Every structure is written in C-alpha cells, then in structure tokens.
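To start, the structure under review is shown below, and the notes come after it.
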C-alpha cells in the first residue's frame, strides 16, 4: 500500500480538518465531506481468512523450534486442560489460559507450587535429573520453554530446582551425591534452591563472603554469614518452599582460603520448619515474578557433613588435606562454574519465545484493527497496512526469527559439550543471554505500544509480560557485565594470536585470517540482500572493532595504566565489539538455517535474513562512525529496509503462526476483540 504525503502545508491542514470533520459527524459537513454513516459498524474479519499463505507455517515451525515439537504440543494441551491454569472463556467459544495476576503474592506462590505438582504428577519432569544424553537435555529445554510461555514464575521456579540445584548436583557432585539426591529431587520429595548471590556480591562470585571452615575433628564444614552483606539474597524458593540448598562459600582449611566451593545443606525439615542455625527472611513483593518465593538466608555455625561438599572439581580428605586435579586456581574456578551456563541458555531461549508470543498477539491485532481512512469516506486502514506500523513490527519479527535460530544452535552446542568447549559455551551463552533478553524487552515495549490502550489490559498479556521479564537483564549475570566478559575473551584470543604469530582459531574468528573485505561504494538492492555482502559487512565491523579495542587498551597501558584499568577505560569500544560479535554469530546461525531450506519458505527466510542484517546495520552507528559503510550505502540500507517491510507484509501472519504458540496462550485482541469487549461479555472477569 502506498500512502503519499500531502503536497503542501495547506493541503496537510485541509486534509487534517477533513478527517476531524468526518469524526465529528454530520455537523462538520461544512468541511466538504459527506456525513459519516453512523449506522455502519466495524466488523471483525479473522486474519486467518483475509490473509493468504504461500508457505507451510508448520515447516517453518519445525525449523524454528528445531526439536521436540510433539512433546511441546503435549505439554501445551496438558496446561490447556488443567483447571489450575485458569481457563477463561472469551471471544465466543475461545478459551484462554493465563495466570491470575490479581492474586496476592502468597496466592501466586501457592498456585505456582500446585501447578508444579500437577505437572509432576503427569510425568512432565520424568528423566529431567535421572535421564541421560543430549536428547533428554533438549527435551527438558523444550518443555521448560512451553511452561515459560504460560508463566515466567513457573519456569523460574522449575529452573532453580532443576537447572541450578539439580544441575549443581549433577555436575559438581559425584556418585554419592547422585545416588542420595537426584531421584528425590526429580520427584519433588526434595525441593532445592541455589544460594550463590549475596547482598554484597552478585556478578562477582569470587568475592562472596559466606565462609565454610573445615573442622577435621568432627569432619564437618561450619558455615557462617560473617556480616550482613554476606546474607544470601534473591534465592528463588528459599522464602517458603525449599527444603535444601546449595551454599556457595569461601572454603577455609587450617587458616588458608581455597576459594569458592559448594555445599549441600538442609534448610527446612519435612514439616516446613526452618532448621536450627539457619535464618530465612522474605525478599518481599516484586515488580514481577511474584509466583517465585525469593528469600534471604543467614547461617550461624551451620554444620554440614564433609560428604556434602560437591567434589567433582576438588575435595577435602578426612584429615583436612585439599586435593584437586586442577592445580591452577583460576582454571579450577572456571571449571567449577562452567556447567552453570545452562541457566543462561534457558533464559536466552525463553526470552525468544516470549517475544514470539507478544509478536503473535500484536500482529494478529494489527491485521484486524483499523484506524483512519486515506480517502474521503473510504474504509479505515488496517494498522499493519501503514508503512510506519510495518516498520515497527516487521524488523522485530526478523530479529526474533534470527534469534530463535541462534537459541536452537546454542542449545545444541551446550548439550554436545566437552571440556574443550567450556570457553566457547561460556562466551556464546553470555553474549546471547544478554542480546536476546535485551531484545525481548525492546520487543515487549514496542508491542505494548503497538496495541494501544488494549496493551494495558492484563488479559491481553503483552503489558504484564514487560514487568514479568524485566528481571532477565540482570539475573544469571548482569547483561552489561556479560558483554564485558565477551569483549575481554575476544581480546585474549587476539593477543594470543598476535603474540604467537598464529592464525585466529575459535569463537568464529577464523574470518580474521582472510583478507579484509572491501565494500563497494554504491550497493544495489540485490547486493544488499546477498548473503555475501551481509557476511562481509558483519565480519568487517567485528575485525575493525577488535583491532581498535586492542589498540586502545595498548595505548592506555603505554600511558602507565594497568591492563585491567586499560580494559575498564576502553569500555565504549568493548561494548561495540561485544555487540558486533553477538550479531555476527546470530546472523551466521540464521544464514545456515536459511541455506538448509528450499521453495517458498526459503524465499521468506531470505527476506527475514536480509531484514535482520540490514536493521542491525541501520541501528548501529559504528558502521558509519568507523567508516565500515559509506553514507550512500547507509542511505541505501535504510531504503532497502522499507522495501523489505513491503515485501514481508503479506507473510506476517504466516510467520507468526509458525511460532507455534497455541491460541489459548494468546489473548482476546489476537482474535475477535470486538466480541470480547461486547456488553454481553462485560460480566466476564
């Protein structure tokens, strides 16, 4: 659709007056327009009827989900049919399931626990801790993603229990821990939490202040909270339900500190009473996630058996001798934390699926909601037929598709991990957790605004999701800190290659070994949409920023700054580099998936890939700031994004349908929002 601007200011004023006149009805007919026919009413036409599809959304869903499609649908149906999941009838016979956020904090917490019990009784968690192999791990990821679409609190509560508590048992523990704890944890006989974060230390795990002192006479560890900043804080599950926890503490033996280690401790008895030498307080009401009982914990000479040390990395013998196969403390600490990346993987993936749900709701609404006409007495225009509305939503769809591809590949890298891949997993999970959660918050905000006033209603979900998922940017690693770790890792690889005069290897930096790409001054439309150009421009930006970052750090060091100070002072280029790295790996994963398809789906994926690449270029000033793109090409990129919006508009519904979100998980504005707001439905809560 083409909407041309008025030819002059006078035309603009006249046209605006005419529009206002039509809204005012017959009394404004002096503006020259015929009176509005007040007897005509807007009618709802389902986009599933009005929109055409040229590819099979089910095929695209199999590509986007990547695995366990049938298992996902099974869990969706399970939740749809359960009374605990608050089914509500709206829009005629349409049933929606969503948490009741009007409940008190205590009620939400209780409902979260009851839903967990329901899912457990129906076998959803079978094998989550006792199963083996990559296939089981992928299934666990998939089902947790489905649960997260229903309620973030439910997914986080499960994530703490299975991925943090359970993951620590699996990876930090040995056979004695597995035999004693895993099966009971899988069956929720034991409810675990994960006491790492403290009031005074979050991202800086090395700095935690809780102390575990070994007593060789009793062969116990004595755990203490020596000061208020050492209290364990934001511990999910601790305030009400958890019976056991993993305590991260500084290990002291005979006056010597061996660094951070993890210990199993019971914090409640079988009747829910807090154990002696343990104090627990509630973190209180939050802006979201009130179905999770976050708590604070203090330890006062709490004794735990020597066998409760999780000892896969290091152990303490009965006489107090400290033993570890990894002699270097830094490497030991890295190995100790490496398995915890599963939490970041989970968060990154869940962020993508929530974006999918918000975009599905918003696009469906935009395909049925009309506003203003462009001709006298003409029909009002669908929101998604306005170029400005397309520009708001279609790039977000492309980014979500690209990030969905990256999330799938991240899961595959994680479940196929080996010790040599620990660094890669840490960097990829840090980068993608930050980028995908930031993008999710941007998507939710844009969708909320694009839904207008309807976006404020809790039942329409989008507005509520903003507060529910805001926490993603800071838990399991503050996003800004994670991106700093990414740029530092890239700097380390760069310095190593330069000092050893070796080629770059790992983290996808092999492109640094090739000659520097040269981007032509004037790019055509077809060139801008080519995988070759998109690959080269992402590579060019990354290699340029990596050189620049290394040089800036070196310059600060030459001025007398320490390496750490030089890195801190170079934070702006570091941030740009981390973004460049992350957007490049997302693009590569998406391009790989694009290459694996054929037919009409490949055509649409090609447009989505191009939209992702070009919108990244347009949104990042570093392409122009450092001369990676000419001014003419920058203007061409902007023009091409507009063309891509036009080209993708006919496929918008099919693409969001391919996200595989069940109708019941959406909201009334995704369907017959007129009927849902009619007088006959006004008494429905």
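Keep in mind that glycine also has a Cβ here, set from the backbone N, Cα and C atoms.
According to TrEMBL:
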ACT_SITE  476  active site, proton acceptor
BINDING   197, 236  FAD binding site
DOMAIN    193-301  domain 'Acyl-CoA oxidase/dehydrogenase middle'
DOMAIN    340-491  domain 'Acyl-CoA oxidase C-alpha1'
DOMAIN    533-666  domain 'Acyl-CoA oxidase C-terminal'
Exercise for review: Could you measure between residue 197 (FAD binding site) and residue 476 (active site, proton acceptor) for me? Cα positions, answer in whole angstrom.
Suggested key: 9
Study note, to complete from the structure: Excluding its own, the Cβ atoms lying within 10 Å of the Cβ of the residue listed as 'active site, proton acceptor' add up to 26
Check your understanding: In the domain 'Acyl-CoA oxidase/dehydrogenase middle' (193-301), how many residues does DSSP call helix, how many strand, and how many coil?
Key -> 6 helix, 53 strand, 50 coil
Check your understanding: If one measures from the C-alpha of residue 236 (FAD binding site) to the C-alpha of residue 476 (active site, proton acceptor), what distance in angstrom results, rounded to a whole number?
Key -> 12
Check your understanding: In this predicted model, what is the average pLDDT of the domain 'Acyl-CoA oxidase C-alpha1' (340-491)?
Key -> 95
